[in-house]
Amino acid sequence: MNFDSLQYLGLLGVTLVTIRLLPNDRWRHLMLLLCSYGFYAAWDWRLLGLVLLVTAISFVGGMVVERHRAAGRGAGALAVIVALLLVPLALFKYFDFFAASLAQFAMRLGWHVDAFTLGLLLPIGISFYTFHAISYVADIHAGRLSAEQSAIRYGLYICFFPQLIAGPIVRSTDFLPQLHRPWQAPNSAEITRYLLRFLWGMTKKVLIADRLAAVIVDPAFANPATIDALTATLAAVAFTLMIYADFSGYSDMAIASAGLLGYRFKENFNAPYLATSVREFWRRWHISLSSWIRDYVYIAMGGNRSPGRVRPIVNLAVSMFLCGLWHGAAWTYVLWGLWHGLALGIERLAGKREPASLPGRLAGWLATMAVVVVGWIVFRARDLEQAGQFLGAFIDPLRPHAPFQFALWAVLGLAGLVLAVEHLVVERQATKPVNRPMAVRLGAACTLAVILLFLGSPNIGGRNFIYFQF
């Protein structure tokens, strides 16, 4: 049930009507929880039990951690609960990957070893709801909140359907207090704003991301050994735009869905491609994940407080290694994470600060985008061999040059222009918020709906969001 499918729009519409008809918050929470379970079961009902298991372990685990914390033994209890929560993630997502990798390594040493794999189906959203559960028990141990006593409210925190499949990663300290406050229906201005944002997110997904994938990205990555440097550059830039349009589009739709239901999610993107350093890029890109890694991994390891110059770099490398591995059980994701970790480490050793002058900011932006685009090539590649073939296009002068294709340049240019305007608007609103009359918002929403209807309808719901696989 993709966010850009008619089934999801139907679920959201029915939920919006029902939540206003119910007499109290207890019934609203129960209804939302049942809708969320139904939403997940629509993907694969067999894996719903895993969501319930993670929910039960962390719900009871929060109470156990709170009780042991009061007795001075909270760290041990936290370690046990986190280990239990990681078991499903390790078995379903990583066991086969590491088993196959060890077997391949043994074969390189001359030993014949058959990899023992489980062949388990990867549960959709497991990385996201596992992080929700871990941050909840960690926040209780840190004293940032008390253990939730209502199984319904806690189940809704884990499984609230706008964020269940691909985030944003919602903190318990942000969402659970909203469930304890009396529910307030969004007013007409908020409804209009959220509808516009939902439609804009769908526009980015259907008309930009899916078009870039079909016209440029997928053909180039299907045969990377045969493309020339210009085609490789076009495809790399196209995927850079595509993954932003796809994931930020999903985040727009998730935030809008929650807002229409009366709940608030924090922003997940803040014009990341305007960053002038890799450090700033990670403050702007997938903010819910980068801040999670910072707070629960990097700082937990000592962060910047670690002694010497080497230890903070090691903390960065480990954090970005885990960030890459979180994205998927493949060495391409690991290398992507380590690539960014290397760039962050170099910036730290160089004492790099945000440039103040225009030439300095331009140079910083170019260097940052070079790191980001090369990283996206590795991220998109099927495996390390394909990544090497794609990168080889930039240094192999013997590859035949592809003929000029106006359609490729037109699609890429239009997508880049639209997303550049969005970046600039986001950057401007950060310092000078813009309030538009409701009529303008409603007119923009209707315009986007018409564009989607006539241009995007063949593709609506036809291609999964990239982050659904994580």
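Numbers run from 1 along the shown chain.
In case you wondered, yes, glycine gets a Cβ from its N, Cα and C as well.
According to TrEMBL, the feature transmembrane segment maps to 6-22 (among others). Counting only same-chain residues 6+ beyond the ends of the transmembrane segment (6-22), those with a CB under 8 A from a CB of the stretch are 28, 31-32, 35, 38-39, 42, 161, 183, 185, 257, 260-262, 460-461.
Residues 37, 40, 74, 77-78, 81, 84-85, 88, 92, 123, 126, 129-130, 133-134, 136-137, 140-141, 147-148, 151, 154-155, 158-159 of the same chain lie 6+ residues outside the transmembrane segment (49-65) yet bring a C-beta within less than 8 angstroms of a C-beta in it. The transmembrane segment annotation in TrEMBL covers 49-65 (among others).
Note on the transmembrane segment (77-95): residues 50, 53-54, 57-58, 61-62, 64-65, 67-69, 117-118, 120-123, 126-127, 130, 133-134, 137-138, 141, 325, 329 of its chain, located 6 or more positions outside it, place their CB under 8 angstroms from a CB of the stretch. Taken from TrEMBL, the feature transmembrane segment covers 77-95 (among others).
Among the features that TrEMBL reports, transmembrane segment is placed at 115-138 (among others).
Annotation comment: TrEMBL describes 229-247 (among others) as transmembrane segment.
Residues 277-279, 282, 309, 312-313, 316-317, 319-325, 327, 371, 374-376, 378-379, 384, 387 of the same chain lie 6 or more positions beyond the ends of the transmembrane segment (333-350) yet place their CB under 8 Å from a CB of it. The transmembrane segment annotation in TrEMBL covers 333-350 (among others).
The annotation transmembrane segment is assigned in TrEMBL to 362-379 (among others). Same-chain residues lying 6 or more positions outside the transmembrane segment (362-379) and placing a CB less than 8 Å from one of its CB atoms are 236-237, 239-240, 243, 273-278, 280-281, 327, 332-333, 335-336, 339-340, 343, 354-355, 387, 390-391.
The annotation transmembrane segment is assigned in TrEMBL to 406-426 (among others).
What TrEMBL lists as transmembrane segment is 438-457 (among others).
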